Amino acid sequence: MMEHSSVVALICFLSLIDCGHCHESGKVPKLTHDKENQCLSKGSSVTLTCDTGDPSPEWQFLWYRVVPLRDGLPALTHTSGRSTYSLELLSDSSRGAGGSYSLNSTGPEHRGVYVCRAKKEEPVYYTGYSNTVFLWVNDPDSPGRLTINPNSTSYVESESLSLSCAGYGTGWTLHRITDYMEISQCPFTRGASSWENSTCHIGVLSKYDSGVYWCQSESGEFSNGFYIKVHGHRIEPNLFKDTGDQRLLKGSSVTFTCAIGDPSPEWQFLWYRVVPFRDDLPADSHWSGRSTYSLELLSDSSRGAGGSYSLNLTGPEHRGFYVCRAKKEEPVYYTGYSNTVFLWVNDPDSPNHLNINPNGTNFFVSESLSLSCAGNGTGWTLHRITDFIEISQCPFTRGASSWENSTCHIGVLSQYDSGTYWCQSESGEFSNVVFIKVHDVRVYITSESGKWMVEGMLLEKEGLANLRFVGSGHASGAWTIEGKQFEKGDFVKLRCMVEKSSVDRILWYRVVPFRDELSEMPHWNGDTRYSLELVSDGRKELLHDDYYILNPAAPDHSGLYVCRAERGEPAYYTYSSPMLIWIKDSSPGFLNLSPNRTHFYKNESVSFNCEVPGNASGWILRKYRNNVDSVEIETLGKATFNIKSLNISHSGNYWCQSESGEFSNIVYVRIHTDRPRPFVYDAPEGWQTAGDSVSLHCSLGQYTSTSDPRWRILWYKIVLYREELPTFIDKESSSKYSLELLPDSSGDGGSYTLNSVGPEHSGVYVCRGEREQPVDHTEYSTPKLLWVIDPSPKAALTINSNRTQYFQSESLSLSCVAQDNASGWSLRRFTFYYPSSLSGCPFNNTVTRDQSTCNISSLDVADSGVYWCQSESGQYSNAVKISVNHNPLPTLDVSPTWPAKGDTVTLKCDVSGSSSGWRFHFYRVIVPIEEVLPSEDTNFYSHELKLSENSTELLSDSNREAGGSYTLSTVGPEHTGFYVCRAQRPNSFSYTPYSNLRHLWVKDPSPPASLGIYPNKSDYFSSESVSLTCEVKGNSSGWTLRRFTNNNNHVLTASHCAFKHGAVTWDERPCHLRSLRTVDSGLYWCQSESGEYSNAVNISVHVQNPTTFLRVYPNHWVMEGTSVTMTCGVYPSQLSIDWKFYWYRVVPPGEGIPVKSDRSGHVKTFSVQLLTNSDSGSTESYNLSSVGPQHSGIYMCQGERGDYYTGYGRPHLVWVTSPSPSSWLRVSPNRTNFLQSQSLSLSCKGLGNPAEWTVRRYTSGELSDCPFNSRSGNWAESTCNISSLDTYDSGVYWCQSTSGELSNAVNITVHIPETVYSYISVSPDHWVTEGSVVTLSCSVGAPFPGVRFHWYKAVPVSEGLPLVSNRGRFREAKYSVELLSDSSRGAGGSYTLSSSAPEHSGLYVCRAEIEELAAYAEYSHPGLLTVTGPSPSVWLDVIPSRSQHFVSEPLTLACKAQDAATVWSVRRFTLSKELSDCPFDKKSQMLDPSTCNISSLTLSASGVYWCQSESGKRSNAVNITVHSGNVILESPVHPLKEGEKLTLRCLGRKSVKSNLSATFYKDGLHVANQTSGTFMLPNISKKDEGSYVCEIEEKWERRSPGSWVSVNSVARDERRRPCKRLKTTYQRSKDIL
């Protein structure tokens, strides 16, 4: 039972809610009292003051007490909506008419809630009611007593509570006043409560039960009172210890720390041990739900009451799991239990032992295990505590285990068997402890590949192995699921990729026909069974290697290989999937395919034929296929096998095999779903003039090449259908046409040129690729329109509205008028939207045809295109380009949005920034309540508002012409609501969509209802709660709480609050949103059935909870006497107002309050102390006017706003440097940068007794003294020695005495060798002319002593050279490095080429060697150097010929050389720092020895491309930019000469309209507007050189990347740079390279 004085003090925690919304007019007085708190002693005095903010003497003040609701008294509803109560005018209210009301000798009869208001007589005017003030008068002689069970005043929702009344007198009852001003008697009207035998039972507590409780007798006597607080959830502490290892040696020390997020000194901490479940102890459950256990309070728990519990001399009796919790006394509150922390103390003298068979601690699921107990004692049993906190004895309650002869057998291990095991005798003796970890083995497939490192495929089987191969020789192509072919005599190395720590050995097998004595091939698909035969020397102990080498490779090595990873005896093993290896030989057999190709298409046919010399017999056709989830080998038939209709499953490896085991060649056949479709590119845009020269270009796609001599390109013109010609079906319109082969269609090279076009060339063209050996063809390309202007057309196309720009839903009529009364004319069109389409009128079901007129009743964007008339004989009219645009979305603006009654309001509607040519209509939105349907939102019924004529009301006289404004001259409450607008073209029946929705809320000084909010604010954070209620004045009814949300500006949701609690109606309780989300942001108001409104509140819910950040000015390191200012801010910045801040200093563990700080997902635990003058920094700044050494330390801050507290943010160090410190810190060796595993000594030198000094450090938010922990640091003779540094040792170190004196501070940084990088730079430029002086400089990331630099050139991955791997922008990049023969010239950090030549071009890499530390930094990223000569012998052609390309487009790069005998390869260096030769990946291939095709570009393909020979000669280089946006700029790939023509074209994706009207910029300045999308300079000069960008009018992304156009002076052509820097959307190439 609590002391009575404590009870009264608890009442002071009552927080009273402002009733500011309970007024009859705008002014609300403020009520205060002159005491420190509301708790008074009997007989004391108190004065209440009512302040209106207006010192006028005309005010008279009235004083009230809150009483239960009674007729005849003023009734008010609390802002929470939880209660309605009455106000009783005090009988002596006139004593306070001047504004002050005094109670001179208080007694129990004065207890209660007080309210005031003010009035004026002439004219009569009343303010609203004030806020409430609660007073409680303590009577030490009270005859009654209130007791609580359980004995606490702090509870959590859903707990239960009993309150009992006892004392002199009769008829005791329990009363309460809640925080929501609900005054009631038990049993209460809300919640589940009952009254029996003078005791009130509350079965399920909620936060609405928070309040003051007391007992009262029939005769009016009172008991003591309690303030009871019900919390929404319990605080969860975090328990940790200062040692990383769970196992301690007997006699060592350990400290536990219990951390909570509240630094209040009122917390007391309790400490428990986990024991098996007992009814008489508290119970807790593991998070997995797999076990329940009990918690036993430690007998010496009070030793850790401050938050830290230490065990100084540990012994076996301290073994077990530990748990903590915290409590406060006044009011009593308990946190939840913390996480569990396990501790085990090893006794080296123990004669008892736990043995494991098989001997190990790591096991896999499904393995078996035996654990045996042996020792001096008797009655041994095996015990365990699993990772799921299940405490049990063998045989265990979970899993299959048995106990026999002191041995525990676990037949099938599972993950739930992971944990700590030990033996225990009857007399309480212990064995050693063993930690068993059971792994759930999972198969994984990696994606790593390189020139000689490629992967096989894995089966879906539990296992670790992943088979790959490393080979050298003549192998080519990228590994997929094809067989890998090598030449006879090659060196082939197979490697089984497996985590070596998990296995003991690797075994190598070959797949052979099934034999009983051999292991069967697992996971095989098919009727035929196969076995695994161990190859000679196929057993590899991992201490040596995991390779299997074929050297020299021979034909009999061909076959399928499998590796097996084993661990333990008897072995537990897992297989890889097979890999097919094929060694070529001059076999007598040869596999031929007809048609003779390896790429086929679905539904084609193919014949396989095994050709053998003479009359050889016994040959069969076989196939191998690895289908990821299954592997199969099929015997298909004899020497000849036909497949009439191919499908995807026929892809695979095929070969011929004889009865004697001879093999033919192997062929990988790939089946594709669709034939490649070529496309026409670089076709001219716009109309052509007679006499112009026009070229069309055709690209055949991924598996074909225009440079392959076996392919030819055929060009066709689409004409009206004729039976004798090939048929062409337009896939979009299903129109049937014919194809007329152009007579001069040579086809070679992919280009078709018309040297002098005329009107007869107007039409639609397609191309197709064909070849004869082997026979194959592509699909027809998408159509391309070419139109030549005819000055005298035979017919005229007329348009009824005489315009070419339209919007959706408008109508259009087009007529053909023949000039010579000829007949047979019809309307045709060619549309631009992908895919391009050719069709005749009627085009679809919205189109009708009336003789020579075509009527389109409702246009769509897809109707954009070129329209013309065409006669049966093939004559043409003029052509008209029609553009149909999406209807613009109008924008509505309301000003002002929150007007006062009588103000003027303007509604302005705007279309695309201009209101000309439009007629505007303004509407008010109507949402009938009966249309509001239930949704998943708690307590809200929602209605997704679809704006239509049924949900909008046209405002009278709202049809407005140009200007789009609608004025409400004198607004009143009847204008409150939501408005939209839309626009209409004159003489058109179509409208734009409705605009955005805007609200107009007219402030009413005396609204018929008020919206109450608790907590009373408008900004909330996600997961917070809010309660809203309608406080109705007068007798109006049918009020509901409504809201309007519009979170994504597309879905408008109208809602009203409703409850699903049976008979409970909305009017009786508030609307609760218990866990707010961003979708709850919106406008909230109350509305009656008759259309009346309350005030409205705009609530914003922020998705990101605010966090604090600390800044220090002028610096973190300052001199003594300097003024330092620390500022605490809140992020996000829009939430940075109205905060109060607290300031803390970090102290060693155990000296302060443990708190958590969460920074970017990393939780750190600190001990902090609140600064004594923290209040001086409550407004965001904390000043130290003249700092001294005593101010050095680590600081943190915390923000408070209302009832919300932020985290503590990131700690910051402030160090004050003294000119004459009492001691100094000496570091040996004398430097501040170290590498991992090095040693370090820190000594305190100076005045005073060395025993009084210690080395202290601050690392990653942790403040500690030497020895810092069990991992680093020992203290001896004023010196702290760290034998093996790690990264967590990085931090600030200093000496500190017991009296607080400080030495200097040293910032120590410990680097991981792999993260120390070298950095290269090229000067003066990456692109220089022959003869220039070039300097390459190398530096290292940290200032280490004795650094020597080495210089390399980067080359594609090569056997025998170091392999470099680094993470680029898009993926991991790999290349090899070759040491320069004169690398020593640059040992000092600079490598100079005094007279550069083209052969110096390349990618350079440097690396720093730290000689003193015998360590190397990482290789630098490559630095590109291009040296250009006057006339390169080879150049790189790019098709399409432009530097910018869209994602997924194809690209062809061809090396054109003067010396045809030299073999050139296409090489690139990408944004990902990847250096490689074509083929770069699965989407690229070499079409011939010097041509590279990329079938589908990705962003990672952006970079620099060039040609390079085996001898190192290079071509010019070009920059390629791949863009994922909607617009690119077509610009020259190579530099232009002065006087040449520059053409820039703005190109849009196929999803963007093709008739682009573009704006062009040079170096950020506007240069031209072009409706055709093309900008030309006929005679370019040096001043035109620069970066060009184009921009189109699109709703979304509309600007191209930049392109650098380089211009070479003719007179100084020797300085021509093949490729100037190109500024891309990512960064300039100079930065990239």
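Residue positions begin at 1 at the first shown residue.
Placed from the backbone N, Cα and C atoms, the Cβ positions cover glycine too.
Since this is a predicted model, take the numbers as computed values, not measurements.
The feature signal peptide is assigned by TrEMBL to 1-22.
TrEMBL lists 29-127 (among others) with the feature domain 'Ig-like'. Mapped onto DSSP classes, the domain 'Ig-like' (29-127) shows 7 helix, 45 strand, 47 coil.
Here TrEMBL flags 237-335 (among others) as domain 'Ig-like'.
Among the features that TrEMBL reports, domain 'Ig-like' is placed at 588-672 (among others).
The domain 'Ig-like' (676-781): residue composition by secondary structure is 6 helix, 45 strand, 55 coil, according to DSSP. Sequence annotations record features per position, and here TrEMBL assigns domain 'Ig-like' to 676-781 (among others).
Annotation source TrEMBL lists domain 'Ig-like' at 793-885 (among others).
Summarising the annotation, TrEMBL assigns domain 'Ig-like' to 890-992 (among others).
Look at TrEMBL and you will find 1007-1100 (among others) tagged as domain 'Ig-like'. Summarising model confidence by region, the domain 'Ig-like' (1007-1100) averages a pLDDT of 71.
According to TrEMBL, the domain 'Ig-like' annotation covers 1106-1198 (among others). Note on the domain 'Ig-like' (1106-1198): DSSP counts are 10 helix, 52 strand, 31 coil.
As annotated by TrEMBL, domain 'Ig-like' applies to 1221-1309 (among others).
Annotation source TrEMBL lists domain 'Ig-like' at 1313-1420 (among others).
Annotation source TrEMBL lists domain 'Ig-like' at 1538-1608 (among others).
Across the domain 'Ig-like' (1313-1420), DSSP assigns 13 helix, 55 strand, 40 coil. Relative to the domain 'Ig-like' (1106-1198), the listed stretch 1221-1309 leads the set 29-127, 793-885, 1221-1309, 1538-1608 in CB pairs under 8 A.
Contact between the domain 'Ig-like' (1538-1608) and the domain 'Ig-like' (29-127) is absent: fewer than three CB pairs lie under 8 Å, with pairs separated by 6 or more positions in sequence.
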